[in-house]
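Reviewing the structure listed below.
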Amino acid sequence: MKLTNYVQEVSLADFGKPFHHKAYWNKRLKTTGGRFFPKDGHLDFNPRMLEENGELIFRKIVRHELCHYHLYFEGRGYHHKDRDFKDLLAQVNGLRYVPTSSKSKTNHHYSCQTCGQVYQRKRRINLSKYVCGNCHGKLIEKNQS
């Protein structure tokens, strides 16, 4: 998919306005669907949003970034907090927030021997140092299956 051409098509179809700058894929984006750069007008998009969520959701992400783009160049409020932005986003049916990834990001699972409270962590914890926050019972690491 030629990203800049796709963004130009979405801009004309959904906004009735041309997109005059470039759009790029940015693999370094982790928690966001895209970014608008007011300094030079280009847009960055997260390729995983297209892979994980499909073209329908990705089109809504493109609309979101184009709201920033068009409002900025019209001299209107282009930030998330601005009424102009919220109104235009609702008008074109863009996404306000990016859908969360279905992939689990927790690597370590612990449970309390006494009360059964479950803890999920990205980083390993020292079981001789930490105890359950509920009952101060001993924690054990659960096996991943």
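In case you wondered, yes, glycine gets a Cβ from its N, Cα and C as well.
Taken from Swiss-Prot, the feature domain 'SprT-like' covers 4-140, and the record attributes it to sequence analysis. This prediction places the mean pLDDT of the domain 'SprT-like' (4-140) at 94.
A sphere of 10 angstroms centred on the C-beta of HIS68 (Zn(2+) binding site) encloses 21 other C-beta atoms. Classification of HIS68 (Zn(2+) binding site) by DSSP places it within a helix. The annotation Zn(2+) binding site is assigned in Swiss-Prot to HIS64, HIS68.
All chains included, 22 other C-beta atoms sit within 10 angstroms of the C-beta of GLU65 (active site). What Swiss-Prot records for GLU65 is active site.
Cβ neighbours of HIS64 (Zn(2+) binding site) (same chain, under 8 Å, six or more residues apart in sequence): GLY33, GLY34, LEU89, GLY94, LEU95, ARG96.
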